[in-house]
Amino acid sequence: MEVTCLLLLALIPFHCRGQGVYAPAQAQIVHAGQACVVKEDNISERVYTIREGDTLMLQCLVTGHPRPQVRWTKTAGSASDKFQETSVFNETLRIERIARTQGGRYYCKAENGVGVPAIKSIRVDVQYLDEPMLTVHQTVSDVRGNFYQEKTVFLRCTVNSNPPARFIWKRGSDTLSHSQDNGVDIYEPLYTQGETKVLKLKNLRPQDYASYTCQVSVRNVCGIPDKAITFRLTNTTAPPALKLSVNETLVVNPGENVTVQCLLTGGDPLPQLQWSHGPGPLPLGALAQGGTLSIPSVQARDSGYYNCTATNNVGNPAKKTVNLLVRSMKNATFQITPDVIKESENIQLGQDLKLSCHVDAVPQEKVTYQWFKNGKPARMSKRLLVTRNDPELPAVTSSLELIDLHFSDYGTYLCMASFPGAPVPDLSVEVNISSETVPPTISVPKGRAVVTVREGSPAELQCEVRGKPRPPVLWSRVDKEAALLPSGLPLEETPDGKLRLERVSRDMSGTYRCQTARYNGFNVRPREAQVQLNVQFPPEVEPSSQDVRQALGRPVLLRCSLLRGSPQRIASAVWRFKGQLLPPPPVVPAAAEAPDHAELRLDAVTRDSSGSYECSVSNDVGSAVCLFQVSAKAYSPEFYFDTPNPTRSHKLSKNYSYVLQWTQREPDAVDPVLNYRLSVRQLNQHNAVVKAIPVRRVEKGQLLEYILTDLRVPHSYEVRLTPYTTFGAGDMASRIIHYTEHNTCHFEDEKICGYTQDLTDNFDWTRQNALTQNPKRSPNTGPPTDISGTPEGYYMFIETSRPRELGDRARLVSPLYNASAKFYCVSFFYHMYGKHIGSLNLLVRSRNKGALDTHAWSLSGNKGNVWQQAHVPISPSGPFQIIFEGVRGSGYLGDIAIDDVTLKKGECPRKQMDPNKVVVMPGSGAPCQSSPQLWGPMAIFLLALQR
C-alpha cells in the first residue's frame, strides 16, 4: 500500500516536454525607486529622470535558459566617475543618494552562454538646482565730451542646474521686464559657465537704488523648489580694495615669526577676507584671523606664495600676494670642464680649464660665492677669472676659469657659498686638480652583468666607477618606455654605484642602465653600462581546479599545463590521489625535451577511482598545483525561471501550487539519470518533505516539470533537487519558491501587493475580513466576507461613517507598471451595497510625461449585496499606475469594497460578465459540483490492482 501511494504521488504531477528549451538571453530594463518621470526620447532612447540625492533603482528583467547572468556598466557622465571599472553583477542596480556626476547611460548586459549576449540601455538624467550666485559690476562713461557721466550697473546671476533654469528678476516685490521699464535690460551673456542672466540698469536713476532678487526655477521638476538670492544696491556700493603691510616679496631668516596684515581700503558691502597658500594648504601652526596672517618660527618648507583675497560680490575680487622667501642653502655641487674649444675631455697643461660651483638656495640670486686655493683666497689675474651666471650652467653659478693651465695651477680649490649677514650656515665644496685628476670610466664587475634572484628577495645591482674624482652613478630603466624605477622615480642617484632593491617582483625584471653624473666630477659625456635583472618566480598552471565528469567505465586524461614561470619549464611533476602518492606516469620522449605540461591517464572511471587528483608542478623555484575532481556523478539540474505564471493560488483553501520546471545540465556527460530526489522545506522550518521523481532517458534541453502542491499562502519554500544515476547522487540544485500573485492581488498580505494610500485624498481605504470587522459597523452596507466567502479572506473597503462627508474621496494607488504591451485588461470584483452608495472610479495614471490621471471606468449607486466582476480595457502609452477611487455618497450607508484585482496583458474578454450575474455568497444553499480530478481514475485502477 505504501508503494502504491508513493507511485501515485510521484508520477501523476510529473510531465516531460521533448523540445529543447535552451534559449539566448533577453533583457528589459524597468525602473523603480524615486523616478520623477521615464520618457521616450527619439523613440529608441529611454530617459530616466531623477532628483539628485534620491535613490536610483534600475532592474534588468531577463529571460533565457540557463538563467542569464547580469552585469551593469556605465558610460558618459563625469570623467572622474569610475563606475565602469567596478561593474555590478546583479539584476538590480541601486545607487543611494545619486549625484549629478553619476548621470549618463547605463547598460544591462545579460548572457548565459547561448547565442549572443543581450544588451539594453537607459539614460539617467539627474536633476538638480544649486544656490544661485549674484555679482555686481558697474561702469562709468563720459557722454558728450565730459558734460556728464552715465553710470551703468550690471547684476549677474549664475546658477548650475539641470534642466536649464528659468530666471525672474525683481526690484523689491515687483517683477522686472523690458516692456515695463525702459531703464532695465535683461539678457543672457555669451561664453559663461552655468546658466546666467544679467540685469542691466542703464544710466542709474534714484529709484534704481533698491533690493534686487534673482529667483531661479526648474519649474518644480522632480519637486525641486525655486531658489533665490537678494542684493541691496545703494549709492555707496563699491568693489573691495586692499593693501599689504609688507612688500610683495618678503625675505626672512629661518626661525623668525612672520606677521602679514591685509588691510581693507574700500568695499560696500563689507568684504570678506581669506588667506590661502600655494602650493598646498597654510603651514601647520599658521593662524589666519581676519586680515592678519601669523606664521610662528618659519622654516624653509614654508616658502611660497600667500594670497589675501577680499570678496563682496561687487566687481572682481581684490587680491594681494606675498612671496615669502625663507633663506636656505642645500646641495652644493661642482663641475670640472676641460677645454671646450679644443673638445678635450682631459686636463692638459697649456689648455683652458673651468671649475664651477652651485648651490640650491632661496633666494637664489642673493647667494655669494668665494673661491680659495690651498686654503687661501684665490687672486684674480689675467689667467684666473671668476665669473657668475655662466649661460651653459644652472642659474647663479660661480665659475673659476684657468687660462693656459700651468703646473703651478695644480692644487686644492674650495668654493664657499654664503648669505652675507644672515644666520644661515655656509656651504662649501672642494675639488683637487692635479695630474691624477682624470675623467671617469664605468663598468660592471665580473659576474655581475646578469643578476638572478627569486621573487620577494632583495637584489643589488652594481656598477664600478673609476677616475678622480669619482662622480655619483645615475640608474634608470632601459627596456620599458617611460618606465619608473621601483622607487617611483625615473632616475635614482647612488653615491657608491649600487642600486639596492627590496622585495623584488617579476615586473622588475629587465635591463637597467648605470651612467656617470655630470656633476661632482667631470662635465663630459656620461659613461654608461647595463645590468640585466632576472626575477625568478614559481610556476602558474592551469587548470587550478577542474571538475571532470565521465560515465562509469570510460577513460579520462588529466593534463596540468604550465602557463608561466621563471624558469619557464617543468623540473618535476608529482601526482597524488586522495593525498596518496601515485607512481610517475611514463614520459613521452617529445615532451621530455621541453616539458610544459604533465599528464595522467585513467583507463576507466570507477567508484574506486573517483575522487580528488592533485598534480604538483615545480620549476626549482617553487611549485603550483592542479586539482582535478574526477567523478561519474551527474551535474546539477538547471532550474527554468521563465515558466509563465508558475504560482497558482487557491484562495478557498489558503494553499497554492507552484509549477517547478528544469533541465538537466550535460545529461550525456555521465550515465543516464534514473530519478530525481525532491526536497521541499518551508523557510524557517526544519522538517522537509522528500519525494522521488522517476524519469526516462533525459535529453539535453528537455524541459522537465513537477507541480508542487499544498504550499501555504504566503510562505516561501526552499526546493532542493538532486539527480541520481547508477553511480549514485549527483550535484544538488536549490532555489527559493516565493508566493507571488502575478498581478492578481487578493489583499491577503499586509503589504497589499505594493498598493499605497494616496496622500492627496480625504481618507484611506481599509483592509479587513469578517473576523476583523467592527461589530458595531453600520448594517445594510458593505460585504459580510470577501469574494471567497471565508471569514479569513481579506478585501479593501471604504468606511463612509463619520467624520466622512459627501464627496470625500479615498484613493488606492497600485505599484508602477512598465508598459510592455499595447493593451491591458484590469479585472476586479466590487461590492456596492447600501442606499447611500456614491461612486467607484478606476483611473489610470500615466507616468510618461509627469503624472496624468485619466478616467477608465466608473459606477455609481446601490448594486445589491453581491460581489460582481468588472473588466476594464486600458492602453497606457508608457509606465503607469491604476487607481481605485471611492467617493462617499450622501450618507453613512455607502461602504464600497473591492477584491481580487488582476492586471493582464492583452484585450479583455469579448463577452463581458452580466452585471446582474452574481457570485453566490456562502450559506445560500446553491449546489456545488466538485471539479473532475486527473488522478481519480488512476487511483481506482491502482486500488483494483491491489485487490
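Count begins at 1; order follows the chain as displayed.
Using N, Cα and C of the backbone, Cβ positions are placed for all residues, glycine too.
What TrEMBL lists as signal peptide is 1-18.
The domain 'Ig-like' annotation in TrEMBL covers 24-123 (among others).
Residues annotated as domain 'Ig-like' in TrEMBL: 132-230 (among others).
As annotated by TrEMBL, domain 'Ig-like' applies to 240-323 (among others).
Positions annotated as domain 'Ig-like' by TrEMBL: 338-432 (among others).
As a summary of secondary structure, the domain 'Ig-like' (440-532) carries 3 helix, 44 strand, 46 coil according to DSSP. Taken from TrEMBL, the feature domain 'Ig-like' applies to 440-532 (among others).
What TrEMBL lists as domain 'Ig-like' is 539-631 (among others).
Residues or ranges marked as domain 'Fibronectin type-III' in TrEMBL: 643-743. Mapped onto DSSP helix, strand and coil, the domain 'Fibronectin type-III' (643-743) counts 3 helix, 55 strand, 43 coil.
Sequence annotations record features per position, and here TrEMBL assigns domain 'MAM' to 743-910.
Only residues 6 or more beyond the boundaries of the region 'Disordered' (771-790), in the same chain, are considered here, and those with a CB under 8 A from a CB of the stretch are 651-652, 746-747, 797, 799-801, 829, 831, 833-837, 865, 867, 892-895, 897, 899-900, 919, 921-922. TrEMBL lists 771-790 with the feature region 'Disordered'.
Marked as compositional bias 'Polar residues' by TrEMBL: 771-780. Broken down with DSSP, the compositional bias 'Polar residues' (771-780) shows 0 helix, 0 strand, 10 coil.
Across the domain 'Ig-like' (240-323), mean pLDDT in this model comes to 94.
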